[in-house]
């Protein structure tokens, strides 16, 4: 009964979604609506998953500073991961939620230097906060209500001076003595002097025009003169005059007239007092916000002094009575029964009808958090296409704390710095540096920073799972969509179930006969023979418009000039150039070939297209262009009608000369 009774000031869980974690809120008010329902006005508290990554980094730095200052004991990586789930961020945002969405109580405390962080993990439903989150400005600030407990807030007591030892400290920086209890005056003489000081204060207010307007009656002037500011001034006068009553009397009434002492209660106008009451109703005792939004012309010390003087007035007593009467009319507590309806993410059974309550999951899936395979109840978690699930214990942890017990890839676990990158992620100079035709000198210019090589090595279970679970893995579909994630844990779990059955009927694996390494190297050398390094000489200029020159080394396929051929089915390469029956041999005359030094080759090599090649590309259909782009190594067959040379179109003669020295005359 007491567990289901919720009162004002309790920290509770609210459920706004069946799949998302609970919201942590603090009940400020319980109001009954016109239709009989109960609504709770709550203060919002945010988790780490609710703020941006930049603010998370700021919270991490604040946590590291706290650990260094408070000298926290070391914790493991898993405990550090779970501590992030226990940290909340307070805010000043209010919202109204139905009381029927309450799912339980929790405890939220302000983090103190004397606290040990690991103790929060030992308690259920226990959270802490140290920073305040502003949802509008998107900022994190330290809480103003910090309790100053710790070694750095304690007073340092100096050693006691020995008899006859002089005090060498700077007396100007020390406290000033304002009253001596061992003075020669008696208590009766002091009280008489205070009565004289009040009378002088009343007479001074009668002479002051502004005070006479605010306190038109003698009664009000006498009450204002009896305030603490008058008594403090009288006692300070006695101290400054050495407790000589005659000198103190003359100081109260100097030659110019009686001294008037006024406090903040008299200095403030009625309109300023009303603004202060309105601000106090909105912000409470947050004097910084009161000064910033309502009274920017007042100092913070003035506002604080006025607040404590205002609490002694009848106005404060009246407002306190009104608030008490209003609180009596509101609900003090509300009873919410335990929520027993099944969660929509609950997986009923594997054999149930697919598409209902998360059914239709594969067998052998483990819990994404604790990796167990035994649970009384399972819950669907994460993206639907991943088919992830949680056991009953981890599901309750997810709903309460907004995370999993162990970091996972779906939850945003940090990846290692050694994550491999494919060649497609490299920049253009880096990709060119990997080419075997780039010289060492040019490679050093292109890459100022070398990349480390990486090796992808799979386990035996992974290789077996690829063959035994092809229906789940769908390798052809995965190859077409490399960006889609694959649930490797589910596939390995299914493979471990199928392994005992597959051991009786082993897979038929055809061994692949691989050629020895010496044979492969010999074939590569025969295809692209290496030329001896020649001494550097004068660079040969390259004419890019001369299409008949060879643009590569001997033994590499070169670009050929476009030739008009008759007949159907003429083979063309993918870039529109006709293919010859063989590679051009190196025995051609030197006048037709131009030998290039590998060191003087341009980088990168530019292929210049002719007008006929561009016309051929325009004549190709979109389907043929895509087919040629996907398979650039295959020849492209073009119909003879497409390679017919168009006759040149004569340009129209200009109507006026291109340039003339005669002036242009405009006639109307």
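Heads up, the Cβ atoms here are built off N, Cα and C, so glycines get one too.
Quick look at what TrEMBL annotates:
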- 4-144: domain 'BAH' (DOMAIN)
- 145-256: domain 'ELM2' (DOMAIN)
- 263-315: domain 'SANT' (DOMAIN)
- 412-437: region 'Disordered' (REGION)
- 579-600: region 'Disordered' (REGION)
- 647-668: region 'Disordered' (REGION)
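Broken down with DSSP, the domain 'SANT' (263-315) shows 38 helix, 0 strand, 15 coil. Summed and averaged per residue, pLDDT over the domain 'ELM2' (145-256) gives 83.
Note: the domain 'ELM2' (145-256) comprises 62 helix, 0 strand, 50 coil (DSSP; helix = H, G, I, strand = E, B).
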